[in-house]
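Here is the structure we will look at, set down as structure tokens.
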């Protein structure tokens, strides 16, 4: 078997074996046994001994030479071991294997070590001892290789080898370093099962559990030590003391200290420091002080840990005076405060408004080698905790302030903190005095400051920073200008925002999608939808700009509000081709905005796809789909949408109004009435809109009794009639020719303070025409103008129809010609 690390001899090299007979040399050549050549630094005696070795040499002599080689040359050790193998010197030779395993462990050739170990296991007649495995475990122990050591340990157990105390000492120490609880518990259990006692193993288990905060388990191990009658050494006592101190059980910890003294352990500063630290953690500084003053009585001197623990303890107790006393004593004793002490003192001095003390601590931090940026961060953090950042300029002096002015990172940290705490003037003062120059970094810093103000809603601070920052009108910073347009939009200062946008366009800078998005949003806030559309038009002319999800949604909402159905359809199909991922909000936005711009089938497909992907429609989407399906008379689909919405709790009054109106417009009076009953059954009061729908439907179908019944219910309800209600009544009564009822409605309309609107007048003209009261119809037009309501196309159409119906053709022609001359374009009411 070939092992790693074994050197083969080459032609021309001198072998260390010399035979006394020619016959033996011929046998060597015939069998091609490996020979050894040594070029290393070994003693002459060892060199001579190796030169005289022969296959007849004893195993003990070979082992002696192998042991000497192992101590001086690893490669030669492996080569000689190979020679021993070839000459039958390894049978039951555990010592030789152990020596070579030691070499392989030092070389960290674990694969070769495992192969050799397996060979030894398979060839050994007698049981192996723990030394072979301990050799490899020790090699892992020296290098901190816990997992590998555990592997050798488990192989040891599998082959029935009994570990010794050293085995468990090394394993538990490795587990302690790595925090491997599972392997530690396994090894500890095995140790107790073999009835072995390793003091360091108990200490390791207590330490592992204490570090992980598993104090109950720590105390279990302490109990097992007593149960196993382990004679504790100093380490055992200290870890017990620490376990109790860490969890605040100081009475038990004091008991351990007493037991140490009773056991004859001399007073130890580590033990007292552990107790002092424990008392400090629970802010029992009287007890900590007692222990500190008792040190000299027992012949101990405080060390740096003692002073540091007292500083931290008084710091937790929020006692600045005592912390400062121990801090000075620490320095007088020739010790240096650690970073925790420095931060404790800094926080205490800041809290107690001791700016002079803060300045001293800052210089101590610098002498300790702390970096300026780290010191500055700690200082700002301390002042931020007590909301006194405005005092930072008073203590940031001398070399510290100079460093801020010359270092970009520290400068940015400071001004960002100032701006965060509304100290914009101080931030700008620092930026004016800065001694570094980096235009790109400076622009980015100003942008961060402005964004910070924006995020905290300090828009005035953002404006102050922007107006005082160095800038070039010929080459404005796109990101800063874009952010300021957004801020001006939030502030309602639209003229400044528009000026910035105009400046960007005139500068010739290529605007990106984000800029267009911000500008569009600004125009929407200023209710300048036409300008927003112009910006979108400009964006469409630019090549390579693809809107993101947010801008696409803004575009849809703008086009919907402007009634641009064609642009809505175009945008919808652009969205489909863009390949952007649709989220729940996009589906809702498309359905809500494009309801009138897309065919019903396409809108239905989008809605179904939304549900299939697991997205939930909102109430507005539900109502839009009810309206679309209702107007298309797709009542089966409408009912399906309504049932789904009912299950998800998405229906509201508008949902019922929409479906009631759909049935009414389709003259499906039975389902209309049923929908009204369901509306009441599900806890909604019948709305004015529902009453209006029923009045219109029953009136147009000539079901006057039901019409009057609905009117009576409306009048008895808490609903207040609106213009639409009165217009329906005028229209229905007018269609019937009931002028007296029309006059009564008109009187009621005026008495309630509403007064007729455009639709009211148009309906009234139509009613007078049906009743043959042409003069009244003409008088209505005059009344409209007197009341400041301009007649529209419907007004004149109704008037001309009234004249024609009553044979006043000449007048009808005059009004018709006048309409053409005015080129009137009106909308139906």
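Each residue, glycine too, has its Cβ placed from N, Cα and C.
Range annotated as region 'Disordered' by TrEMBL, chosen from 1-34, 35-68: 1-34. Packing against the repeat 'PPR' (722-756) from elsewhere in the chain are residues 688, 691-692, 695-696, 699-700, 707, 711, 714, 763-764, 766-768, 770-771, 773, 787, 789, 829: each is 6 or more residues past its ends and has a CB under 8 Å from a CB in it. With a cut-off of 8 Å between Cβ atoms, the residues of this chain six or more beyond the repeat 'PPR' (303-337) that come close are 269-270, 272-273, 276-277, 279-281, 283, 285, 288-289, 292, 295, 344-345, 347-349, 351-352, 354, 357, 364, 368. Within the model, the repeat 'PPR' (477-511) carries an average pLDDT of 93. Per-class residue totals from DSSP over the repeat 'PPR' (722-756), listed helix then strand then coil: 27 helix, 0 strand, 8 coil.
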